[in-house]
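Copied over from TrEMBL:
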{"type": "REGION", "residues": "86-137", "note": "region 'Disordered'"}
{"type": "COMPBIAS", "residues": "96-107", "note": "compositional bias 'Polar residues'"}
{"type": "COMPBIAS", "residues": "113-129", "note": "compositional bias 'Pro residues'"}
{"type": "DOMAIN", "residues": "147-414", "note": "domain 'Protein kinase'"}
{"type": "BINDING", "residues": "K180", "note": "ATP binding site"}
{"type": "DOMAIN", "residues": "415-486", "note": "domain 'AGC-kinase C-terminal'"}
Amino acid sequence: MSCTPGLKFLTGSIYRRGARRWRKLYRVNGHIFQAKRFNRRAFCAFCQDRIWGLGRQGFKCIQCKLLVHKKCHKLVQKPCSNEHVDPVEVKDDANGESTLGRASSVRSRAEPEPPLPETPPAPAPPAPVRPEDLEPGSQRQYSLEDFELIRVIGRGSYAKVLMVELKRTKRVYAMKVIKKALVTDDEDIDWVQTEKHVFETASNHPFLVGLHSCFQTPSRLFFVIEFVRGGDLMFHMQRQRRLPEEHARFYAAEISLALHFLHERGVIYRDLKLDNVLLDHEGHIKLTDYGMCKEGVRPGDTTSTFCGTPNYIAPEILRGEEYGFSVDWWALGVLTYEMLAGRSPFDIAQAADNPDQNTEDYLFQVILEKTIRIPRSLSVKAASVLKGFLNKNPVERLGCGENGFLDIVNHPFFKSIEWEMLEQKQVVPPFKPRLEGERDLANFPPEFTDEPVHLTPDNDTVIADIDQSEFEGFEYVNPLLMSLEDCV
């Protein structure tokens, strides 16, 4: 990790890491199937019926390109021909299924589509949205021309985040910019839609970053969201090394309320980490980045996607087990440990000097097997809450029992918290970020803010390869924020 001069950094185990999804693969008779969505006429090689419906109803073999229904893939008797084999790294999980890293599963744009089986003609699909239909001046409420781009404030694998000003009102927002060419894979499109839905759900909660609007151009998707000026906890931890117990308790309690709100609405967050906990100008927290969320989870429901930021992934995910809201409470335990101890609970001493230990697989082994040691400097109550959240058995984990969130509320570590006042933001934060104005970026890393502010020109060849129909209905305007702006 490169260190910026003048900044105080923690041990090597705490630094910015991107979240990932590992794609689930299904082996049948030599085939390696991956769930896909087909927007053109596609027919099942087993039953000969058309593959259609919401979501990824079809499976495609990543080796021989065979297309089948999801319901038919286990019935395929024809062995995989391996005629178009591309090298692919596959790992078996605990259930005999397989996972594939995101970077390995993106199909090259130059790869030709496989021939479809000969079948009776079917009705033509709806006409796709043309790029020219997305030019500014259409029926949308907002376009890129409505905003002034001020500064880069963040960047990830798929997106750039800018500070922008809405020209009409002079209000400052954050703008998350995603290139469509990077998200036209089926599962990537799903997470963009999920992120939008969760942003909408979160818009009126005090501890969740809300959505102002969404719009698109032929080449990009834009989320206009709240601008939270105080920077993220990672930035502040890199300067303070560790936090006083009072500070950690306050942040953990506000995060708990945010997670409980999402859980009550059927959302597993799945990407809690220091980078995604922002501080507003008063010092209250706001969670951001909903790209890893899972929607539609009812009490008792589980899911199985292998995803997250490596240092925060719960043991049940690593074991290949079905999981629910428990993974968020585990991540809160990891984050609380980092705040109190100034290092990760899975810090591997001198790992940088040992290539065998400086790997993701070794980290996962440590998470599964290592006994977590609580620093003796912590109070008994702090040690107890960490042991509760970091229980490797999700059934026994704090927040996962019959009483659920109430067990967290009633834990001795949080005894001093006035929960109702906290939820109403009536508790004074223990730390207030230093800000000299609405546009002060002193709490954002210079490796972002020093970047030039511009969007690369559109490439007509790339745009021509994008299926614009995948992004129909993306536009959105938050009616509450609109009404507030009308009062300006």
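Every residue, even glycine, has its Cβ placed from backbone N, Cα and C.
Same-chain residues at least 6 positions away in sequence with a Cβ under 8 Å from that of K180 (ATP binding site) are, in sequence order, Q216, P218, S219, R220, L221, I466, F471. Confidence annotation: the domain 'AGC-kinase C-terminal' (415-486) carries a mean pLDDT of 89 in the model. Per-class residue totals from DSSP over the domain 'AGC-kinase C-terminal' (415-486), listed helix then strand then coil: 26 helix, 2 strand, 44 coil.
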